[in-house]
Amino acid sequence: MSTLEKVSERIKNSLFVPIDNNNMQDSINSNEVSGQVATLFANVPLGPVDPILGVSTAFKADTDPRKVDTSVGAYRDENGKPYVLKCVFEAEKRLLGAPKEYLPIDGIPEFNKLSAKLLYGDAMVGKEKRMVTVQALSGTGALRIGIIFIRKYLPAGTVVYISRPSWTNHHNICKESGVQSAEYAYYDPKTKGLDFTGMINDMRAAPNGSVFVLHLCAHNPTGVDPTHEQWNIIADVMREKNHIPFMDCAYQGYASGDLDYDAYSARLFLNRGFEMFSAQSYSKNFGLYGERTGALTIVSHREDVIPKMLSQLKMDIRAMYSSPPTHGARLVTTVLSDPELTALWVKELKEMSGRIKDVRQKVLDALIARKVPGNWEHIVNQIGMFTYTGLTKPQVDILVNKYHIYLLGSGRVSLAGLNNKNIDYFADAILDAVTSTQ
């Protein structure tokens with residue numbers, strides 16, 4: 001292949017979009033006719049407001065003293081305040097004065113080893129040489145690097161399947177990475193639980209060798225997870241179809257308070273011999289939301305391809321952001337490499353997940369006490385930060401406009417935003433919303 005052909009192929013496989021000179025000239029001419037200053041950017045459309053962060057922005061602008069924010073997935077303590085974990089605070093004290101030099105392109109080696117070990121545990125023993133891990137910009141960055149790798153090195157036309165519903169950014173990441181995404185059944189609004197039959201049917205109907213994004217635990221936004229028995233059936237079907245798991249690991253330890261229990265599905269796939277991807281985030285379980293700390297791990301059947309895979313991942317990282325940030329990864333490394341700090345972290349995870357479970361029960365009790373129409377048991381049956389309430393869009397509008405309780409239009413509520421001071425107010429609002437829309 002000639003140099004020109006190589007460049008052409010590289011451009012074809014990238015997200016490069018050539019400038020349309022005709023449209024550009026039309027834009028300039030239009031501006032000149034209207035008397036406006038000419039600009040190349042007149043045809044740039046206004047993008048939609050992010051469905052999650054847009055609600056948070058509206059909350060911050062609201063001056064009503066009763067307002068409650070249950071939109072953004074960030075932990076809050078009983079007083080509704082952001083919480084810095086004690087283990088993180090101690091690690092930060094140890095890191096005072098640490099140098100601010102560039103990290104290697106693939107991040108801190110010890111951080112990468114500890115991240116893979118945290119997720120895969122003893123399941124990775126004997127498989128380490130078939131795994132490659134790189135530090136990434138939290139879960140979003142890990143997903144983005146992984147999806148780009150899929151576009152470049154999996155068979156052309158490989159489709160990435162995402163649960164219906166899912167975290168809204170999953171489809172955005174695929175689109176901006178030049179990869180086609182589709183949906184598979186997941187949530188049953190009638191039972192407010194898992195549509196397991198629909199999920200399995202969609203996996204069987206998907207083309208062989210498709211990629212399935214699977215939430216490790218604490219499914220976002222529904223809070224509905226498969227049982228261990230169901231995970232084993234999912235693995236059976238994916239093996240039959242040669243599908244590739246891509247685990248989105250945002251809540252390990254935060255869901256149940258047990259790091260090993262929450263990692264069951266990832267370790268199952270590894271033990272069953274899958275080639276697979278995993279994207280880890282330390283935003284929730286370490287409270288490092290703004291530090292953008294995460295990791296991407298890819299598992300291969302063969303050791304000899306790992307150096308080549310790492311070289312390509314590093315090329316993509318270099319072109320995207322050159323090298324990852326230091327502070328968050330150093331914090332995680334400091335905690336996970338110190339037995340005392342690790343024990344403190346595990347204790348704090350149990351406390352955070354325990355508070356969320358307590359909020360679930362108190363919300364259910366408050367709704368039952370008010371005799372709110374309907375069955376609300378799903379609130380305690382779901383797991384993790386979110387509950388998929390089942391509220392309709394008109395009911396959500398009442399909560400937002402009348403009660404200044406901010407949540408997503410889908411009815412997803414971040415339970416971290418509720419506490420003993422506002423649960424009764426929240427339940428009163430739901431009673432009004434449900435009864436007034438019947």
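Note: Cβ is positioned from N, Cα and C throughout, glycine not excepted.
A 10 Å cutoff on Cβ-Cβ distances gives TRP167 (L-aspartate binding site) a total of 22 other Cβ atoms nearby, all chains included. The L-aspartate binding site annotation in Swiss-Prot covers GLY73, TRP167, ASN220, ARG412, and the record cites similarity to another entry as its basis.
For LYS284, the entry in Swiss-Prot reads N6-(pyridoxal phosphate)lysine. LYS284 (N6-(pyridoxal phosphate)lysine) counts 26 other C-beta atoms within 10 Å of its own C-beta, drawing on all protein chains shown.
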Message = According to DSSP, does ASN220 (L-aspartate binding site) sit in a helix, a strand, or coil?
response = coil
Request  = Just give me the nearest neighbour of LYS284 (N6-(pyridoxal phosphate)lysine) among the binding-site residues GLY73, ASN220, ARG412, Cα to Cα.
outcome  = GLY73
Ask   = Which residues does ARG412 (L-aspartate binding site) neighbour through Cβ under 8 Å, counting only same-chain ones at least six apart?
value = PRO221, THR222, PHE386, THR387, TYR388, THR389
Query = Rounded to a whole angstrom, what is the largest C-alpha distance between any two of the residues GLY73, TRP167, ASN220, ARG412 that the record assigns to L-aspartate?
reply = 11
Task = Would you identify the secondary structure of ARG412 (L-aspartate binding site) according to DSSP, in three states?
result = strand
Ask   = Do any residues at least six apart in sequence from ASN220 (L-aspartate binding site), in the same chain, have a Cβ closer than 8 Å to its Cβ, and if so which, in order?
value = GLY73, SER166, TRP167, ALA250, TYR251, GLY384, MET385, PHE386
